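K.L.:
First the structure, then my questions, so here it is.
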Amino acid sequence: MVNESLNQEESNDRPAPESEFQMDTSYSTQPSGSIHPSVSGHPSVSGHPSVSGHPSVSIHPSVSIDPSVSVRPSSSALPSTLAQPSGLTHHSSLVREDSVIKVSKRRWVVVLVFSCYSLCNAFQWIQYGSINNIFMNFYGVSAFAIDWLSMCYMLTYIPLLLPVAWMLEKFGLRTIAITGSALNCLGAWVKLGSLEPHLFPVTMVGQVICSVAQVFILGMPSRIASVWFGADEVSTACSVAVFGNQLGIAIGFLVPPVLVPNIKDPEKLAYHISIMFYIIGGVATFLFILVIIVFKEKPKHPPSRAQSLSYALATTDASYLSSIVRLFKNLNFVLLVITYGLNAGAFYALSTLLNRMVILHFPGEEVNAGRIGLTIVIAGMFGAMISGIWLDKSKTYKETTLVVYIMTLVGMVVYTFTLNLNHLWVVFITAGTLGFFMTGYLPLGFEFAVELTYPESEGVSSGLLNVSAQVFGIVFTISQGQIIDNHGTMFGNIFLCVFLALGSALTAFIKSDLRRQRANKDAPETKVQEEEEEEEGSNTSKVPVVSEAHL
């Protein structure tokens, strides 16, 4: 074992003696030298991967580096790295800028702002369905027409996923965030033009605009978590990002029944509806401004080794369609797409039709129907947070996903056979139990998908999961609605139980191929540091201490 300690001052003042280091003849130290095509480094710095020392000394490929300094891996995606001798001429400050692993304090601001405008958009999705019967009376339309105010969110997502996912790769997080929040704001204000019984088409237009905004939102949680958070925080961060969407649904169940009472006078009803629309319009506008001010594209440094590798592997001419083809060749991911769609689709159908089911068993209980929906989502948010923290600690993605899926099935069965007991408190308990697992599953699916598909784009993988959810959501909502109208709520819920049982069985066949975790483990250990804002302008750097494992 040979240990060489490189002195800072000597490396800056003079090159290494020829007897100490000798360059490979294929490597050029001149700034004008050619760059080997197989190596991806900082945009302005690349080197030949084969660097040898003195002829009598062979440097082993496994080189340990001081935790404060990280060296960019080669594009072969192998985690091993080679230390750069002090005699090599390169822009060291630029290399350090791109290779140091740090997490930014801004990361929590970014994820919280995203959660807030995701909350606002989710509220607008469910605000009609939570008081389905009131809007039916106000606009003079059928229950199926009101259901489409919810289902348009699902339908719009399907054709727009691929263009928006491409935009996410092409233009980045900030552009997508601003576009999504702007559309969300616009849709909220358009609805204010629909405060007359004959203006149902206007409220539909506003809802469609909000549904387009949703396409710019749903695929973001796993991408934000990967780009901004460290390896031990990604699952928690993804849960926080999804948390906002779930909280918006919860508020959408709770607030509309309170703000819009079930009264017959159209003018008074229009006044109460306008209050709700003005509130959501003001909130959406404030959040749009907030996104412009605080949302950044990405942190100064990659927050994890896996993200650093992702930067190194990224190419500007990468084929977007080829990425999708690779994903569909991944059997484990295909199974997850199906199982996630079954679970999330059941949740969408249950949320859309909940008011109708509760009113059938408990007439006049619109407010309590909203509270039951609130209970489902609040319990699910706790489930999501607990699952995220557990995944960060245990990394048991397959096992956790399977257990949560099975418990979702159990909760759905219990809810199905207790709804007709005519005890409202029993419905609250069973619905809360169902929500804890059903809603808690949603962020698990996102994170499991990223693990199975790394280093493919998180936006593409999560987008495909959401397409599956929207397709099953439309099918389940229409089918269950028809079953409820013709055969009652029990058979409608049994319909969902059958598909949740199928999803549980398919989940058991998914292999735990955790590629992102392997990338983090196989790469050299790196001490993750909190990025101090005042350090961003500093050019000071530490020189690595290189340990050569073999002579």
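Glycine residues also receive a Cβ, built from the backbone N, Cα and C atoms like all the rest.
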K.L.:
Candidates are Ser58, Ser70, Ser541; I want to know which one Swiss-Prot annotates as phosphoserine.
P.N.:
Ser541
K.L.:
Is it true that Swiss-Prot lists Pro197 and Val460 in the same topological domain, i.e. on one side of the membrane?
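P.N.:
That fails: Swiss-Prot puts them on different sides.
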K.L.:
State the residues, same chain only, that lie 6 or more residues beyond the ends of the transmembrane segment (366-394) and have a CB under 8 A from a CB inside it; answer 'none' if no residue qualifies.
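P.N.:
Contacts with the transmembrane segment (366-394): 126, 130-131, 133-134, 232-240, 242-243, 246-247, 249-258, 262, 350-351, 354-355, 358-359, 400, 404, 424, 427-428, 431-444, 447.
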K.L.:
Counting Cβ pairs under 8 Å to the transmembrane segment (331-361), which of 143-170, 265-294, 423-452, 489-511 comes out on top?
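P.N.:
If we count Cβ pairs closer than 8 Å to the transmembrane segment (331-361), 489-511 scores highest.
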K.L.:
Six or more residues beyond either end and a Cβ under 8 Å away: which residues meet both conditions relative to the transmembrane segment (265-294)?
P.N.:
106, 109-110, 113, 116-117, 120, 123-124, 127, 134, 137-138, 177-178, 181-182, 184-185, 188-189, 191-192, 195-197, 255-256, 259
K.L.:
Name the range, of those listed as 143-170, 200-228, 234-259, 461-486, 489-511, that has the largest tally of Cβ pairs under 8 Å with the transmembrane segment (397-419).
P.N.:
489-511
K.L.:
Taking pairs 6 or more apart in sequence, does the count of Cβ pairs under 8 Å between the transmembrane segment (423-452) and the transmembrane segment (200-228) hit 3 or more?
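P.N.:
Checked: the transmembrane segment (423-452) vs the transmembrane segment (200-228), in contact.
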K.L.:
Given the cut-off of 8 Å on Cβ pairs that are 6 or more apart in sequence, determine whether the transmembrane segment (461-486) and the transmembrane segment (200-228) share at least 3 such pairs.
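P.N.:
Since 3 or more Cβ pairs under 8 Å link them, the transmembrane segment (461-486) and the transmembrane segment (200-228) do come into contact.
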K.L.:
Any residues 6+ beyond the ends of the transmembrane segment (234-259) with a Cβ under 8 Å from its own?
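P.N.:
Residues packing against the transmembrane segment (234-259) from afar: 107, 111-112, 114-127, 130-131, 217-218, 220-222, 224-226, 228, 272, 275-276, 279, 304, 351, 354, 366-367, 369-374, 376-378, 380-381, 384-385, 387-389, 391-392, 439, 442-443, 446-447, 450.
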